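Notes for the one structure printed next.
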Amino acid sequence: MSIKSDKWIRRMAEQHGMIEPFAPGQVREQDGRKIVSYGTSSYGYDIRCADEFKIFTNINSTIVDPKNFDEKSFVDFKGDVCIIPPNSFALARTMEYFRIPRSVLTICLGKSTYARCGIIVNVTPFEPEWEGYVTLEFSNTTPLPAKIYAGEGCAQVLFFESDEVCETSYRDRGGKYQGQHGVTLPKT
């Protein structure tokens, strides 16, 4: 299994719609102002956060249960900047829609710009033949409120291609998050 380069990422995005919308290079400025970068890097793709958020609140629930998650545990927010309360978290989604090839698995890691501020981005791997908008989780590990910027980079996706195509893909087994569009809560 080998990591894929910028040339491969560009080719797969432009010819096969693997990433839409797609930035073929690194974008570091918008409208003359510096931003958290996004787009193609040497061996990955820096994804952007959309302006749809679900901010965790503990006023409506007493326990967090991934098998029986209460939607009232979140407050919906739409905007260019999301403020995450201290020691809390928020969910968001990517601006990019992904179509992962059958021979590819991705790993997604948070950007150091956020990590250096105590904001951890968590995303599970994108499995072979998964497609959809990615649900992102931002944890604010600090005792202060923290900002997340919509339309800017937040994590990097690394693409790994196997020497052998998998027997059963995410699509084949009817994965529960296949084709997700909005910020998607836990499912069982």
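Backbone N, Cα and C define each Cβ position, glycine as well.
Binding of dCTP is annotated in Swiss-Prot for Lys111, Ser112, Thr113, Tyr114, Ala115, Arg116, Thr135, Leu136, Glu137, Gln156, Tyr170; the matching candidate from Gln30, Gln180 at the same site is Gln180.
The local packing around Tyr170 (dCTP binding site), expressed as other Cβ atoms within 10 Å of its Cβ over all shown chains, amounts to 21.
Each of the binding-site residues Thr113, Thr135 was assessed for Cβ neighbours inside 10 Å, and the highest tally belongs to Thr135. The Cβ of Ala115 (dCTP binding site) lies under 8 Å from the Cβ of Val121, each on the same chain and at least six residues away in sequence.
Counting only same-chain residues at least 6 apart in sequence, those with a Cβ under 8 Å from the Cβ of Lys111 (dCTP binding site) are Val36, Ser37, Asp46, Val121, Gly153, Cys154, Ala155, Gln156.
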